[in-house]
Each structure stands twice: as structure tokens, then as C-alpha cells.
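S.K.: OK, Swiss-Prot features for this one:
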ACT_SITE  Lys14  active site
ACT_SITE  Asp140  active site
BINDING   Pro98, Met99, Gly100, Gly101, Gly102, Leu103, Gly104, Gly105, Gly106, Ser107, Ser108  ATP binding site
Amino acid sequence: MPAAISRNWPAPAKLNLFLHINGRRADGYHELQTLFQFIDYCDMLDFKVTETPELILHSNMSGVVADSDNLILRAAKSLQQTTGFNGGAEIWLDKRLPMGGGLGGGSSDAATTLVALNTLWHTQLSTEELAKIGLKLGADIPVFIHGFAAFAEGVGERLQAVNPSEPWYLVIAPDAHVSTADVFQDPLLPRDTPKLAIDTLMSQPWANDCQKLVVSKYPQVAKALGWLLEYAPSRMTGTGACVFGEFTQQQQALAALAKLPSEMQGFVAQGMNLSPLITRLSHP
């Protein structure tokens, strides 16, 4: 009897509510302080366990390449290698999040793959063990595996659960692809923001140290942010290109979305301190 397909595993987007760069390490990585919060806007993945070890990925988006560099396949392969599981999986990705926009879609897809297959393969790794696998694939992956809003330090791997407010956001995805590597290699990027205690950071105005540089180099980002600032406190997430405005009421965010210029694309979503992946995990 063929295995059933396990459906609707969410891979939520994240926002960096603030992002401070505190320095550059000898290995080239940057020391950061940032606040991650999920939003209820997700890619969705389906999985079918197979008896043979092949890993097969299908996607609804032509830009998703199912090769050895794909994070979903790398995550599944890493779980196979770590656990010695000799079966495989067929995976379907319904890609909804903008690619390369600073919303963490690729990292979230990889995290959901690790969490879902650990359940479906009955490999029984702990959350910490999954996070260690994830960290080798990308610095943002552990926060998606743990599934709670978090204050992060180091290169983003040291996480502390936090509980910020859960407002509504209007997220705009400018028609620009910002290279994270280029941003972090740019000599004009500020790298000297002092490290502060979490209580201080949570109570002061929030900012993104990458924003000024990205806005200066990408006019599409500058235009989107300038428009959004007319309606709400707004800033960039990650290294861009997406920007977000914060609203207390859903209707306020939807009203602003209705006025969005035709050349821009956006969506409204609510902040979530508990990832929908954790909710899905309780109904495998």
C-alpha cells in the first residue's frame, strides 16, 4: 500500500523587528543582535515517505531549482546522513513567499523539512539536534526549528524566547533582489553598533543597520519604504528587499494595502510569537 501524503506543513516568513551589527569576526561572519518574529504568511510543504533513499522535490514556482544546492534537499539529505535513515521522501513545495526578500523563506522551508521528516521518518531527534543540523545549513534556520519569537545574538544562533506584541503588518516586496553577501561585504555597512542588554533593546526605538546602505543602492527599496512610511512606522527586514509597516488593527493595514501603487506588490499578515509549524507538529 503506497504511503499517504502528509499535507500542509507551514513554513512561515519571519521579520527582523530590529537588526544591529556589532562587529565582524576573524572568520568573516558578523556579530549581530536581532529580534525575530514570525508572520502568518507561509510557504506550504507536503511530504510522502518513500522506501528508497531518493529525495524528489516538486515546486509550483519555476525559480525553485531542485538541485544539490537547494536548501530543502540539503536539509533532507543532512537528516538522512545524521540518522542513518535509509528511506527517502517526495516533497511538494507551494511557494508563496518572495524569494530573496529578507523574509527567510528558504531557511523556513529547510526548517520545516527537518521538523516534518524527523516526525514522518520517526528519526526522533530532539529540537536541539535538529537545530544543530540546521545551523550548518544556514544561520536563520534554528529560529524556525525552535518555533518561537526570539532575540538572537552571535551570528544569529544564540536564541532567547521573547514575547513582543503581535501587530498587523503590511509587507511590500520591491522588484529587486538584494544579495545578502554583497550587503555584508560592503565597506559602507556600519559594523559598530554597541551591544546592549535585551531589556534596553526591547524598550528603545527599533532600527535595521542594513537599511541605509540598501536604500542608497536600490531605488525600488527606497521608493517602497518611502511610500510605506506615509502610513505607519516602517523599516526593512533582514538585508531586504522587503519592507514592512506596523499597524495595530488589521483594517488599517488592509486600507493601506488598497492604496498600494500598481507597480508594487504587498500583503497583510499578523505577527506570531509561536510558529504555525509548532501547531502543525501536534497534528502529524
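A Cβ is built for glycine as well, from the same backbone N, Cα and C atoms used for every other residue.
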S.K.: Quick check: in three-state DSSP terms, what is Lys14 (active site)?
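M.R.: For Lys14 (active site) - judged by DSSP and reduced to three states - the answer is strand.
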S.K.: Using the CB centroid of Pro98, Met99, Gly100, Gly101, Gly102, Leu103, Gly104, Gly105, Gly106, Ser107, Ser108 as the ATP site centre, which other residues of the same chain sit with their CB within 8 A?
M.R.: Ala13, Leu97, Gly238
S.K.: Can you tell me the CA-to-CA distance separating Gly104 (ATP binding site) and Lys14 (active site), as a whole number of Å?
M.R.: 6
S.K.: Quick check for the class: what is the C-alpha distance, in angstrom and rounded, between Gly100 (ATP binding site) and Lys14 (active site)?
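M.R.: Between the Cα atoms of Gly100 (ATP binding site) and Lys14 (active site), the distance comes to 13 Å.
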S.K.: Taking every protein chain in this structure into account, which of the binding-site residues Pro98, Gly104 has the most other Cβ atoms within 10 Å of its Cβ?
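M.R.: Going through Pro98, Gly104 one by one, the largest Cβ count within 10 Å is at Gly104.
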S.K.: Sort out the sequence-distant neighbours of Gly102 (ATP binding site) for me: same chain, 6+ apart, CB within less than 8 Å of its CB, listed by position.
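M.R.: Residues satisfying the criterion: Asn16, Val178, Met236, Thr237, Gly238, Thr239, Gly240, Ala241, Cys242.
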S.K.: Among all the protein chains here, how many other CB atoms are within 10 A of the CB of Lys14 (active site)?
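M.R.: The answer is 26.
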S.K.: Using a 10 Å radius around each Cβ and all protein chains in view, which of these binding-site residues has the most neighbours: Gly100, Gly106?
M.R.: Gly106
